[in-house]
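Feature annotation from Swiss-Prot assigns site 'Transition state stabilizer' to Arg92; the stated evidence is sequence analysis. Taken from Swiss-Prot, the feature active site, proton acceptor applies to His96, supported by sequence analysis. Residues annotated as heme b binding site in Swiss-Prot, with sequence analysis given as evidence: His259.
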Amino acid sequence: MDKKECGFSIDDFLYAVEGGNTISKWWPHRLNLKILQQNNPDLVPFDKNFNYREEFSKLDYFELKEDIRRIMRESQEWWPADYGHYGPLFIRMAWHSAGTYRIIDGKGGANGGNQRFAPVNSWPDNVNLDRARRLLWPVKKKYGNKISWADLMILAGNVALEDMGFKTIGFGGGREDIWEPEIDTYWGPETEWLADMRHSEEGKIKGPLAAVQMGLIYVNPEGPNGEPDVLGAAKDIKESFGKMGMSIEETVALIAGGHTFGKCHGAADPSKYLGPEPEAAPIEQQGLGWKNSYGTGKGKDTITSGLEGAWTPTPIKWDNSFLRILFKYEWNLQKSPAGAWQWVAVNPDREDLVPDAHIPGKYHPPIMLTTDLALKLDPELSEVSKRFLEDPEYFRDAFAKAWFKLTHRDLGPKWRYLGPEVPEEDFIWQDPIPEINYQLIDQDDIKNLKEKILKSDATVTELVYTAWSAASTFRKSDRRGGVNGGRIALEPQISWEVNKTHVPKVLKILNEIKEDFNKQSSDKKVSLADLIVLAGCAAVEEAIKRAGFDIQVPFRPGRNDTTQELTDIKSFSFLEPVADGFRNYIKPECDIPEEYLLIDKADQLNLTVPQMCVLVGGLRVLGANYDSTDYGVFTDNVGTLSNDFFVNLLDMSIVWKPVRVNNRDIFEGYDRKTGDLVYRGTRVDLIFGSNSELRAQAEFYAQDDNREKFIRDFVEAWDKVMNLDIT
């Protein structure tokens, strides 16, 4: 043989690029437990004791800002800056990092810095933002672990605004980087860029999605599906920004404020001249995508969206010119050199001509996008736009607040914000909780309060159910929810269907205990929020004693109660669970397999697979089911913390048969010999015996030598959930 062969074919190594998904190809609907194993510590290169909050505190924050400012003003030959300033590019980078947030599930957003990873790094709406991050690399290299990419991208947007004359209201750090793509975020059903399969027959975006097409951050700037329909674009804007959690005023402020800066890039047809996106680019491009073969491929020949031109004659200066020009002129529909629909001013005055970004002395008429004209022609959007036009200071303030909300929405409660520029003002979207101005309870108080709680009319089941109901509203995606604030006693949570079981009774008892304790003359007080957790912990300890073990359940005080006035009812309504497999609850109208929803819930609670297993098994034997059903209560000793759920689920003397009850899959377990009905369970219950990976966990915890191990693991997982919102 003249040609040497290695003895293998490429097919032998496809696992290296398919991510181990060969099993899922055989069984595409099997549970994906990898969702609960993201950012495995073995993947993260930091030392095990690394603490980002501590590292950030060592940062010379204002020196960092100065370095970012210097980078923005130093145009690089490999990617020349428009108008000699990278500010508009950095604003777009920050905006597109934060703008993926959607309020329904809290996913997307700037936290984690997922713009660096697939699929977001390769979306058509993010063309050339890889260059923005490369421009920032010298800064990231210099400051290292003290500043995450997630924080740096947002801070760069802030510095850009400030360097172009805008006064922001501040910045909060604290976003920690992820180290792999997020596989728990649903970006849509489409398999092609800019495809649209996400709208219902009524034209609404289905599910939690906020963007109108695959690969966009929010709306299509050319109009719905690329058609220059201004009023259709207005409808898209309101829905898309609304699902990002923005009001109409905030929406107009963000569009008008953002388009005060920079330009669009469409020197030629992107489908003809742009190479593959970063994830598909050849190895020698080192992660840079969209290589441009038109002309020089940069500067005046840049291709990004395919739209071409700038909005104002002052594209690197904050002013009111975007709105002034929008309302001053009539607009002609034209196509850009790249073939994209846009609007050009009719007979613009000389002083309103836009300077070329790279050729001195050359000028162009200002342009508007279809979505921009929506701010003028849609009555609701136009009313706000005119108010901003007439009152530039009001506009400035509205944009400053909307920008801060956009870039901080998924960072969580204000106590998580880091740095010297955190604004003092509280905003309703931060879910504010008053600061504690009293002395916290001590160990003696905790002991006495536990005794009072356990002597009350509330049962172990009721106390556990209520504590779980409050704590399990937490979602890691945007750090909202949880016990802190005591919002389970406020609207909308107190009226949720799932909270009608046990919760009102327990809250009444705990409020009486709270009022009695707080009558004492000292400065010491206890909040309802702390009492809810303490009651749950006391109940779990009692259940452990009944099992014959003496194991302490940790409790740390420090939660406070908030008010109805500080609670945005509409915003909090999105935290109502469609399903909570831990309480064996699902809304009747939901037809998604319950085990899928269990995995999503466990992911939002930041649980590992073993933690999810012990919590389900433990909550079942404690009887903590919605509506007090017996589903999954595989024990004769309800209220005793034991591994009975797993033992009896795996008992081969029981045979399971499916039935439909109230439009729900229920399974009845019969004694193989007698034919007697023994237990009933849901899909969530039986999945622990059906799924091979979960069965392995169930077998482990069902072992005779792991009875105490099960209890200790339950306590650890319980403690984790109770404290998710304060750690």
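Glycine too: its Cβ is placed from the backbone N, Cα and C atoms.
Here the features listed in Swiss-Prot are painted onto the structure.
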residue : record                             : Cβ neighbours (10 Å)
Arg92   : site 'Transition state stabilizer' : 23
His96   : active site, proton acceptor       : 22
His259  : heme b binding site                : 24
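Secondary structure from DSSP puts the residue listed as 'heme b binding site' in coil. Here the C-alpha separation of the residue listed as 'heme b binding site' and His96 (active site, proton acceptor) works out to 14 Å.
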